[in-house]
Amino acid sequence: FVHRNQANQSNKVTFILLDFSEYPQLQLPQFLVFLTIYTVTLLGNLGMILIMKSSSRLHTPRYFFLSHLSFIDSCYSTVVTPMLLENLVVEDRTISFTGCLIQFFFVCIFVVTETFLLAVMAYDQFMAVCNPLIYAVVMSQKLCSLWLSALYSWSIACSLIYTYVLSRLSFCGTKFINNFVCEHAAIVAISCSDPYINQEIILVSATFNEVSSLMIIRASYVFIFITVLRMLSTGGCHKVFSTCASHLTTITIFHGTILFLYCVPNSRSSSLMVKVASVFYTVVIPMLNPVIYSLRNKDVKKSVKKLFNIKLFCDKM
């Protein structure tokens, strides 16, 4: 009865996202910047998916995972950025308790999915460099699809748990969320009930996800670097390093930002710093990934040139 009463009270709660309201004079520049970033994010990621689907040379496990990374980034940005843009041009920044939980649920899905997808991509690099003779057998299309299914299932399960324990908290009246997104720490901070159990469950689960994915990435790249150092061909070494550089850059930016946001004590002392870091990993990183992979990837560049040449030829005909 107590839980039911708390749920009824929470359903009547209204949240107000403060965004960057402390800088009203910068709302229009912020709107234009975020609109540009969102446009580039969608065009870049959807363009990457189109290129990988249309080019036969990119029908490999590596680009199969990369296309899903682009899909996740597109969805991730779409869950967060449109609401941010809306709140920058309207005075009413309210969001219902249910709407906040829905946004939180989808954000968790895409964060957890990207966390483990980067680990799977590191393992794929390890198999390609260290075990090239059995790479085609181990990284078969069927097995890659099974891995992705397991990855999406795990992320949905985690998100359901996170959202459920968050929904058990009680809220009363109108609450101000000092962020532009329904993020866990910001929601817990305005709860009227004791969040200890909630925080412990999410802390243990999130720590497991972060540590396990980083262990897979670290082990994969340790073996890759050992194999590269044993190579006699300088050209072969350069090619491997060039291939891995894009992935390592993405890993460093994504995990580095998350670790800074949640593990560095100084970041908690400044609400502005937390907002900036949140903007970076929810809005900016989805835009950077297609740029990183396209600029440093010769296969992608060749596929883009081929598509443009085919289009030009068809226009002349």
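Placed from the backbone N, Cα and C atoms, the Cβ positions cover glycine too.
Residues annotated as transmembrane segment in TrEMBL: 31-51 (among others). Outside the transmembrane segment (31-51) by six or more residues, the chain places 58, 66-67, 70-71, 73-74, 77-78, 81-82, 84-85, 88-89, 283-284, 286-287, 289-291, 293-294, 300, 303-304, 307 with a CB less than 8 A from a CB of the stretch.
Summarised as a single figure, the pLDDT of the domain 'G-protein coupled receptors family 1 profile' (44-293) averages 83. Here TrEMBL flags 44-293 as domain 'G-protein coupled receptors family 1 profile'.
Tertiary neighbourhood of the transmembrane segment (63-84): same-chain residues 17, 19, 34, 37-38, 41-42, 44-46, 48-49, 52-53, 95, 103, 106-107, 110-111, 113-114, 117-118, 120-121, 124, 141, 144, 148, 180-181, 250, 282-283, 285-287, 289-290, 293, 299, selected by CB-CB distance under 8 Å and a gap of 6+ residues from either end. The transmembrane segment annotation in TrEMBL covers 63-84 (among others).
The transmembrane segment feature in TrEMBL is assigned to 104-123 (among others).
According to TrEMBL, the feature transmembrane segment maps to 144-165 (among others). A Cβ distance under 8 Å defines the sequence-distant neighbours of the transmembrane segment (144-165), meaning residues of its chain 6+ beyond its ends; these are 61, 64-65, 68, 101, 104-106, 108-110, 112-113, 116-117, 120, 184, 197-198, 201-202, 205, 209.
Annotation source TrEMBL lists transmembrane segment at 213-232 (among others).
Below 8 angstroms of C-beta separation, residues 69, 114-115, 118, 121-122, 125, 129, 206, 210, 214, 217, 221, 224, 274, 277-278, 280-281, 285, 288-289, 292-293, 296-297 of the same chain, each at least six residues beyond the ends of the transmembrane segment (244-264), sit close to that stretch. Positions annotated as transmembrane segment by TrEMBL: 244-264 (among others).
According to TrEMBL, the transmembrane segment annotation covers 276-295 (among others).
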